[in-house]
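Heads up: the structure comes next, in structure tokens.
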Amino acid sequence: MEKGHSDLPRQPERVAQNPFLTFDQDSFPSSYGSSLNVSEQTSGSSSTSPLPQISCLLRKDDVPLANKELSRSLIHVQELSRYPPFYNQDHQHLGVPRSRVGSDVWKMREKSFLSPSQFSSIDLSWVYRSKEEDDDFHDPKSSVVSLMGEEDYLGWSRFCDLFFLFVLSLGIGLLFIVFPALTFTGNITPSKEKFDAIMANQITDHLFAHMRVPRTNLIDKDTPSTAYHRTGYNGRKYNLVFSDEFNKEGRSFYSGNDQFWEAVNIHYAATNDLDWYDPDAITTVNGTLAIQLDAFWNRDLNFRSGMLQSWNKLCLKGGIIEVSASLAGSGEHAGLWPGIWTLGNLARPGYMATTDGVWPYAYSQCDVGITPNQSSYDGISYLPGQKLPNCVCLNEDHPSPGVGRGAPEIDILEGSTEKLHPDDELDIGVVSQSGQFAPFDFFWLPNYDYLAVYNDSITHMNSYVGGPFQQALSGITTLNNTWYGGNAFQIYGFDYKPGEGTNGYVSWFVGPNYTWSMLGSAVGQNGNVGPRQISEEPMSIIFNLGISNNWAYYYFRDLSFPAVMYIDYIRIYQDPDDTNSHIGCDPPGYPTTKYIEEHPLAYKNPNATTWEMAGYTWPKNSLMHKCNT
């Protein structure tokens, strides 16, 4: 044997032992045996070493073990003896070190211990038929043990568990199967044949995203029949062609959620707004459309508000547009900028690449008026020129070659305040009702012979007539300070007829009274610039509530937030005998939707500020590039 091997423990030899065990009746209960003391014999040594005392909990009726089985169990006991003996002299064998004896956590009854030598013969069913004081698992009456027992135990606890699983499964099925099936609206791009005659003839081919219960008529079912007709500025009878009463509670105007309206998610950088327009700021409540301006930090801006547009969904050309509104805040303090206005559909509000070269052009001539800065060095115009004049070169990018196109603006109102007298402590509310035009008259001065103010005690012409980006004709009308904050509503709107010269006009009104009017001749031919038009373009509709120092300096301490502008309804009327009137974004001779679809990089990117930045080239024209048209 090599050196060092003698120190290793020797493998014991297996010996046959008496299979019959003796019981000490004085030490243990009558139903269990006593401690077992067995000697181990090893080859090469006559000495004996006692094995540790191990309690053998045997019942008297156990079948004696065969010698082979007993020898195997004794070998196992011998192997266990190499570790420190864990026992208690009080015969409560715990199987734990003595340092833990006496702990409440580790106390167990003596019948819970099994010697390894009895695993092959003891009936283990007593484990779950005996009650354990601190463990429900060993309580036969517990619902936990009933799963292992021979007889089922179905009590109220188990019944409640099963009932809960049933309800949970039913709820999941209703949520993910039944509810989607009930709310599915069917074909989201139905053919026009499925709509009524008005919808089939006048709605565009715009494809809408998923929406809940789309309308199949342009007239809201909640509009009273008494509002189906109205007398126009020209004395003719007009018919209702579109209405939205905003009576359905909790409408959402996120992209794709509504047929006619969409709330934008942009910063309106064109006017240096101090707020971010968020769709979450707009909803319907108590039968009104509510646009809420909040004063909190949002996307690196101090305010959050909303802008609702009908761009490329709902447009009008000619007729009367009427809105019932209660303006935000109070007429006593300046600072807020409520707006209800219309814009040519070729420009998407807030997307500056789309307004580049089209706002606020209402022009169909081929002269100096279409050139950058109107070819003038006096700073009268900073506009880049008309992008879509009537004289673009052959095969250039144009929605309707031969027709001058643009995006003029007509405002139903822009809210502000002013003092009736210089020494007044508080302001009073006013609205500006205006039209924006390009190219410009000399020093932006219109021909006042073609303007009319109907009551100069409450309405006067605005001294602001324009700047390098627009020519503005505006009338200022005094309001009642109760028409704010949802306390009372008032009607605002305009009646207009597209055209040049005396063929076109715009008349604004507040309540039942017209405030002021202009004929197209007010912006007729003037020097090097030809006649501008009362808009021939399909006009989209915009509601917004903003705050900007471009409009009015605000004193934060005088304003109250949140400020809410409420819209009760919007209604559009048109003369049934006027063939030039149209509801929709593609009137004859003035299409827009196809052109918009062909230029997605501009119309879907609010961060592009010029047409070239969006990746498109400026169309050439015969005046500047000497080409064929």
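Note: Cβ is positioned from N, Cα and C throughout, glycine not excepted.
Among the features that Swiss-Prot reports, compositional bias 'Basic and acidic residues' is placed at 1-13. Under the heading region 'Disordered', Swiss-Prot lists 1-52. If you look up Swiss-Prot, you'll see 1-161 marked as topological domain 'Cytoplasmic'. Annotation source Swiss-Prot lists compositional bias 'Polar residues' at 24-38. Among the features that Swiss-Prot reports, compositional bias 'Low complexity' is placed at 39-52. Under the heading transmembrane segment, Swiss-Prot lists 162-182, citing sequence analysis as support. Per Swiss-Prot, the feature N-linked glycosylation site maps to Asn286, Asn373, Asn455, Asn480, Asn513, Asn607; the stated evidence is sequence analysis.
Sequence features annotated in Swiss-Prot and their locations in the structure.
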| residue | record | Cβ contacts under 8 Å, 6 or more apart |
| --- | --- | --- |
| Asn286 | N-linked glycosylation site | Glu249 |
| Asn373 | N-linked glycosylation site | Ile380, Ser381, Tyr382, Leu383, Gly385 |
| Asn455 | N-linked glycosylation site | Asn513, Thr515 |
| Asn480 | N-linked glycosylation site | Gly331, Gly429, Ala488, Gln490 |
| Asn607 | N-linked glycosylation site | none |
Message: In the three-state scheme derived from DSSP, which category covers Asn607 (N-linked glycosylation site)?
response: coil
Field: Asn513 (N-linked glycosylation site) CB neighbourhood, other CB atoms within 10 A
entry: 12
- line: In the topological domain 'Cytoplasmic' (1-161), averaged pLDDT is 48
